[in-house]
Amino acid sequence: MTAITNISAREILDSRGNPTVEVDVILEDGSFGRAAVPSGASTGAHEAVELRDGDKNRFLGKGVLKAVEAAQTEILDAIGGMEAEDQVAVDEAMIELDGTPNKARLGANAILGVSLAVAKAAAEASGLPLYRYVGGVQGRVLPVPMMNIINGGAHADNPIDFQEFMIMPVGADSLAEAVRMGSEVFHTLKGKLKKAGHNTNVGDEGGFAPNLPSAEAALDFVMDAISAAGFKPGQDMALALDCAATEFFKDGAYAYEGEGKTRTIEAQVDYLAQLVATYPIVSIEDGMSEDDWAGWKLLTDKIGDRCQLVGDDLFVTNVERLSRGIAEGTANSILIKVNQIGSLTETLAAVDMAQRAGYTAVMSHRSGETEDSTIADLAVATNCGQIKTGSLARSDRLAKYNQLIRIEEGLGPQALYAGPSALKQLARR
């Protein structure tokens, strides 16, 4: 009854106004699943490949009609008649059909759209919410959000070199309370920025993008906002960074163009260690460049016992790169982005590998998002304990928070908010 009978796909717009792929899957019993695919601004060189049309006369070359066509024809021909409940077989069939190591022929955007829509259709056929269908009865941990309230780097037009400054409501008792706490800090920060004469326009992910001179200036504003909102920094609300260091790694050094400084690999490690010592920073993502394995190892050895070090561009949700990191003792956490690897099966495999090795996993959005809230369900399904899905503004970000609120309500007394237990390093402090 769960045989796949039809796939329809279309070109829709993401939160930046760029085209992306949306896929509908229909099963033999009439069950329906729909998924929309996100897109990143700062992308790792080792990510699976989005298929873009390259026709400069449409969407400045960013159209996705080729991926749409692939989903509706070649992929449908390959998986039509297969059981949607056999997710692994469906995903493996698409990967084999593509035949490239990075999904470049059919496009990770086509394959992922179908993969997620198949899972949603199978969940509907089983009468279960997606988080329960994917995670079983064990999926009940609501993640601590990483809320991106100041944007810099590739996500904003300002001098700040780091891409994201985030708050984590580790002291909340529930997901709903965590969202409330984050919202209160967000609005308090807005008032303080405005009072100081800064603009309060928001970046791609809903955070503010003020013209501040340095990371320290941004962190000071965030600390002030946390206190002014009535919370204790480091206790109620911890800090997290996404440096996106690959974006400013040039000629073997880290070029802080906004600050007018260049730091060697060793100086970059020392700088991040200094920030962790000065502020209640419990997580740093991409503190070193994606192929600076030596720098990553230095950073891990220096502060990995007291700070979560998240590999995004480093690992790109890829089990081969993650296995190298585990073997070398590099980083201690992986960012999970479904479109970096391009299928649900491979995404779940990366989470499983990380958790078995004692690494944490952070479920994540992309800067180019849609109203699709699948990652909220996946965060609960995998019990990963952390989610990164933007600020407390823009409906494309709030769709995920709102879905988590619904999931928490649906779980009732079974729901468990991860809190400080989500970060091993925080428990040691």
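Using the three backbone atoms N, Cα and C, a Cβ is placed for every residue, glycine included.
According to Swiss-Prot, the feature active site, proton donor maps to Glu205. The number of other Cβ atoms within 10 Å of the Cβ belonging to Glu205 (active site, proton donor), over all protein chains shown, comes to 31.
Contacts of Lys337 (active site, proton acceptor) defined by a Cβ separation under 8 A and a same-chain sequence distance of 6+ are given as Pro38, Gly40, Asp312, Val316, Thr317, Ser364, His365, Arg366, in order along the sequence. Residues annotated as active site, proton acceptor in Swiss-Prot: Lys337.
Annotation comment: Swiss-Prot describes Gln163, Lys337, Arg366, Ser367, Lys388 as (2R)-2-phosphoglycerate binding site, evidence class sequence analysis.
According to DSSP, Asp242 (Mg(2+) binding site) sits within a strand segment. Under a cutoff of 8 A between CB atoms, and with a sequence separation of 6+ in the same chain, the neighbours of Asp242 (Mg(2+) binding site) are Asn148, Phe162, Gln163, Glu164, Met166, Ile284, Glu285, Asp286, Val310, Asp312. Sequence annotations record features per position, and here Swiss-Prot assigns Mg(2+) binding site to Asp242, Glu285, Asp312 based on sequence analysis.
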By a simple count of other Cβ atoms within 10 Å, which of Gln163, Ser367, the binding-site residues in the record, is least packed?
Ser367
Relative to the Cβ of Lys388 ((2R)-2-phosphoglycerate binding site), which residues of the same chain, six or more apart in sequence, are found under 8 Å away?
Pro145, Met146, Asn148, Met166, Leu335, Val362, Met363, Ser364, His365
Compute all pairwise C-alpha distances among Gln163, Lys337, Arg366, Ser367, Lys388, the residues listed as binding (2R)-2-phosphoglycerate, and give the largest one in whole angstrom.
17
Take the C-alpha atoms of Glu205 (active site, proton donor) and Ser367 ((2R)-2-phosphoglycerate binding site) and report the distance between them in angstrom, rounded.
6
Chain-mates of Asp242, Glu285, Asp312 with C-beta within 8 Å of site centroid, Mg(2+):
Gln163, Glu164, Leu241, Cys243, Ala244, Ile284, Asp286, Val310, Asp313, Leu335, Lys388
